[in-house]
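Working notes, beginning with the structure itself.
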Amino acid sequence: MKCHYEVLEVERDADDDTIKKAYKKMALKWHPDKNPEKIEECTQVFALLQQAYEVLSDRHEREWYDRHRESILRGGFDEHYKDESLNLFPYFTSSCYKGFGKDAKGFYTTYSHVFETLAQEDYDFLDDQGVQYPRFGDECSDYESIVGPFYGFWTSFSTARSFAWLDEYDIRQAPNRPTMRAMEKENKKLREAGRKQRSEQIRELAAFVRKRDPRVAKYKTVLEEKKKESELKAEENRRNQIKKQLAEANNYVESDEARTARLAHLEEIEQQLNEQFGGESSLSDEDAEDNGLYCVVCEKSFKTRNAKQNHEKSKNHRQALAELKKYMKEEDSKLFADDDEVERNSDSEGEPAELSQQASGKKSKRSKKNARRARKEQAAEEDSENEDSAEKPVGESVEKVAEEMETLIIVDEPEPLDRKKAAKAEKKAAAKNKQIPAQPEAEAGGPIDPKPAKCDKCGEWFESRSRLFAHLKETGHATLKMPGQAAGQKNKKGKR
């Protein structure tokens, strides 16, 4: 059976107008009335033309024909159809040929016939009839032009045959469209499986033949020889290049400029190494410290600033710096604690009556009395000192003033206390005044003697508080007086 497109001499993708024009042209050419001398032949050809045009001019019938063209050309779904394709399994053995001569049973003649037969089987299913598969050739064939392209094509071959004879279902007997689609799907699977199996057989046969082809072995030998020649040539070129370099090195004379550049380059490399690894400087520590290149924490000196910066980023330097900061903080805390203790001791041994008088806004009668008494005692001390200075020579008064200046303690004015603390300070001062032994009262209008004071630690009495302060400074007998330590003193007023 001949294809409808071949009968009308058109392409398979031709449109309706092209098919119609081709039919008219072929009908005028093969109409029986136009050819009375060959009526029988024209009648047969004209019938084929009409049948082809009827199928291709109808859209539905053309789609059906395009989908099942191979089956229709092969005679449809004839259950008696036999696949007459070449059986390849007998050619997978060396017993199918005898020697590599030019006789009919030789290697080249046998496999040349096999691959020509395979090509003819595919030609009937190709759309382009002008395609020609590569030929096997003979013992004199060139590898690069014939043998190489032949094995390259057949070792990656995929057949163009449709294998429509493997269909299991006749889609013309389908009762409805879904059933027809299911049948087509199953038939397509069978066709693809047959095509895949046939293509693998042909590729395996090509690989089997290639392994035993003397032309391929000969070409491999040629390639190995070329490879050895290229390696020998490369080795010879390498040796010549080394000899040339050695000769140039022996005849080389370094110029002054090159030597200077080389030394500068070496110095630069040495400097970079010192900066990278933080090498110690050969300069003295004093010079490095003056230039800012001395680490006080680690007691190291450096050549360059970059070296010092790299050292400061190191782990050892950071650990040493952290330990130094911790030690300094501990020393500062101890120092501040000692200063606070001395200040509290001096405040407790001072004049609590006056401090409470300055801090509190409430001026009771008792505080006024204590203030007047303190002023009188101070005035009496000043008068007595003036009399002594007037009676004694000038030299002795100067020595006494110098001695008192040395024992003088300057106390900063304390911060004002709140009312509760001021009241407690008043009570403490009153209790302390009661413990001091009674002094003979001064005559009316006479000078007031200095107020005596006692050291709580050693129990020694002094004529004035200035003498007591000098004693405390020399001996360190200062003690801290806490509220509520006065003996026998209780708050009779209670809490408000």
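Here the Cβ of each residue, glycine as well, is placed from N, Cα and C on the backbone.
Given the structure is predicted, the values throughout are model-derived calculations rather than measurements.
The coiled coil annotation in TrEMBL covers 180-259.
Positions annotated as compositional bias 'Basic and acidic residues' by TrEMBL: 331-347 (among others).
As annotated by TrEMBL, compositional bias 'Basic residues' applies to 362-375.
Summarising the annotation, TrEMBL assigns compositional bias 'Basic and acidic residues' to 389-403 (among others).
According to TrEMBL, the compositional bias 'Basic and acidic residues' annotation covers 416-429 (among others).
Annotation source TrEMBL lists domain 'J' at 3-69. Confidence across the domain 'J' (3-69), taken as the mean pLDDT and rounded to a whole number, stands at 85.
Taken from TrEMBL, the feature domain 'C2H2-type' applies to 453-482.
Taken from TrEMBL, the feature region 'Disordered' applies to 331-453 (among others).
The region 'Disordered' annotation in TrEMBL covers 475-496 (among others).
Secondary structure counts, DSSP: the domain 'C2H2-type' (453-482) has 11 helix, 4 strand, 15 coil. Shown for the domain 'J' (3-69): DSSP residue counts in helix, strand and coil, namely 55 helix, 0 strand, 12 coil.
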